[in-house]
Amino acid sequence: SQYSAVDTNPLSVYIMQPIWNKIIKIVPLWIAPNLLTFSGFVMVLFNYFLISFYDWDYTASGTSPGLVPTWVWLFSAFTTFCAYALDSIDGKHARRTQSSTPLGELFDHGLDSWATSIFVLSFFSVCSCDNGKTGVSVYTMYTYLSIVLFNFMCSHWEKYNTGVLFLPWGYDISQVVLIVAYLLTSALGVEVWQKPLLLGYYITDILVILLIGFSLFLSFPQTLYNIHRAYLKKTLKNDSLYEGLLPLVSPLLLFVLLTVWVVLSPSNILAKQPRLFLWMVGVAFSNVICKVIICQMSGTRPELFHWFLFPLALVVYAAISGLLGWMEEAVLAVFTALLTAAHVHFGVCVGMQLSEHLNIYIFSLKKRVQE
């Protein structure tokens, strides 16, 4: 199916797009667009692991500021900008080199579905965990991440039903906010997040309120409106309500299972291992969404229950019933490692299948020789 996306965000249209149009001119024509996409993702990952090294349990900024060196925040701003730029020019570059393919589209959105959570998890190091005085609670982090992923899911659910990807306004705004936040932190230190800004509210509180407001009153209504408009114009991809809502079943079940684990965990797993747990949430979500993206691109029906909900349900049951006991953290670690490996394996397999099917290389513009 032909790829179509709509972007109406003034920040994107009037400020960012002209910048991308200048940057794209310096990219050599022999570079494959997927290489740009992948480089951006690798930068996001590298930055995440760098911050994790200095701040594994999300406390570095709160209890003893200065544990994360200033250059790390500068580096975060730099990698976030590069990833944002690369993600914004890969499609333009594909059109320049006349190499737009379904593989490129899947590669782009698939990596985005994973990068989305990693951006958020890196940012949490700026605000740090709640230590009684400052910071945000791990439950706020979990809620925040869930809302961001819900927004991401909505735009792809909308595309599944309408055939058009309406780029959410939140994307450009959040990227610019992230870059500014990292620059602020490097210039003024993490202390800037620990002083009340307005009426006793901290900057982090205000960001959470803005995010929830954006999602519930801008993104989600816009999604429903666009689907309703397609229904009136009779351009909906799916005839029945069941078919239209099908892609939402697995992500919602995933959210329910994870939330049950967070709330009922005997050892309070989220507070004990926030980084591991939230990483697992991001990977699980990305895998579920990739399936929806593939279905939407290939015009096939998503399965009702994603395979991975079954092992997750078993683990959650074993954890909350007390079966796991003191092993809960170890089981989470093993489960997270297996899930991450499964997700990477899935991505590699789909990429290789598509590159063979379309007779192209993933990271090169050379044509494959027919056997």
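Glycine residues also receive a Cβ, built from the backbone N, Cα and C atoms like all the rest.
Whatever TrEMBL says is automated annotation, not expert-curated.
Noted in TrEMBL for the protein shown:
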- 26-50: transmembrane segment (TRANSMEM)
- 70-86: transmembrane segment (TRANSMEM)
- 166-187: transmembrane segment (TRANSMEM)
- 199-220: transmembrane segment (TRANSMEM)
- 241-264: transmembrane segment (TRANSMEM)
- 276-295: transmembrane segment (TRANSMEM)
- 307-326: transmembrane segment (TRANSMEM)
- 332-354: transmembrane segment (TRANSMEM)
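Within the chain carrying the transmembrane segment (26-50), a Cβ under 8 angstroms from the stretch's Cβ atoms is held by residues 72, 75-76, 79-80, 82-87, 89-91, 93-94, 96-97, 99-100, 103-104, 107-108, 111, 114-115, 118-119, 121-122, 361-365, all 6 or more beyond its ends. Of the two recorded stretches, the transmembrane segment (307-326) lies close to the transmembrane segment (241-264), with three or more CB pairs under 8 Å once pairs fewer than 6 apart in sequence are set aside. Listed as Cβ neighbours of the transmembrane segment (276-295) (distance under 8 Å, sequence separation of 6 or more from its ends, same chain) are residues 106, 109-110, 113-114, 116-118, 120-121, 124, 141-142, 145-146, 149, 152-153, 156-157, 160, 247, 250-251, 254, 258, 262, 269-270, 301-303, 306, 308, 312, 329, 332-333, 335-336, 339-340, 342-343, 346-347, 350.
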